[in-house]
Every structure is written in structure tokens, then in C-alpha cells.
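One structure below.
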Amino acid sequence: MIGTGGFIGASLRYTISSRVPKIQNIPAGTLTVNLLGSIVLALLTFSSEPESVVYLVNIGMLGSFTTFSTFAYETFRLLEDGQNISFFLNIFLNVMLCLLGVSIAYLALML
């Protein structure tokens, strides 16, 4: 089950990341998958889904859909290329938007 979710997540990540263009040198594809993954993870974690769904989606699909390593690499490349503003903006946007997404998902389920 986890492997099936991993295949789905990796395929979705490639599809989305390759179609979302950079915005002001910010790798918006990675930001998009991390934000969507954070929201879906929060929705499933804070709801009462069966354990099998959690394994398939949270561990399998979202584990391969979201990507911290790509975020770290792309952020490092911004710094290496001397794009200091984009470097800091990328870090800020990834962390803050993903936390905001989790917070909104949590609040939506609590209403």
C-alpha cells in the first residue's frame, strides 16, 4: 500500500513541478507540491480516516509527493548563484505558507 502511494505521489510531484514556472527565480513547483502536501497531510491527520488510508496517503503518497531535499537543493542553488533575496524569500515562503496551510486545514476541520 505504501509503495502504491509512493508511485502516485512521485508521479504527481513530477507532473506539477514540471508545469509550474519559476516566479522571480523562486522554484514555485516545489513550493506548490510542499504546500498542497502540507494541507492534505493536515486534513488526513486531524480527521478520523482509517489507518489504511493514512498509510496509503500520508506515508506513501505524500512522502514521495512533498520534497524537502529538492527544496534544500534549490534554495542552496539560489544562494550559490548570488540571488540572496530569492534565497531568503524561498525559505520564508516554503515555511510560512506550509504552516499556514496546515493551520487552515486544522481550523476547517474544527468548524
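Just so it is clear, glycine is given a Cβ too, placed from its N, Cα and C backbone atoms.
According to Swiss-Prot, the transmembrane segment annotation covers 26-46, 53-73, 91-111, on the basis of sequence analysis. Annotation comment: Swiss-Prot describes Gly63, Thr66 as Na(+) binding site, evidence class sequence analysis.
In the three-state DSSP assignment, the secondary structure recorded for Thr66 (Na(+) binding site) is coil.
Around Gly63 (Na(+) binding site), a 10 Å sphere centred on its CB holds 17 further CB atoms from the protein chains shown.
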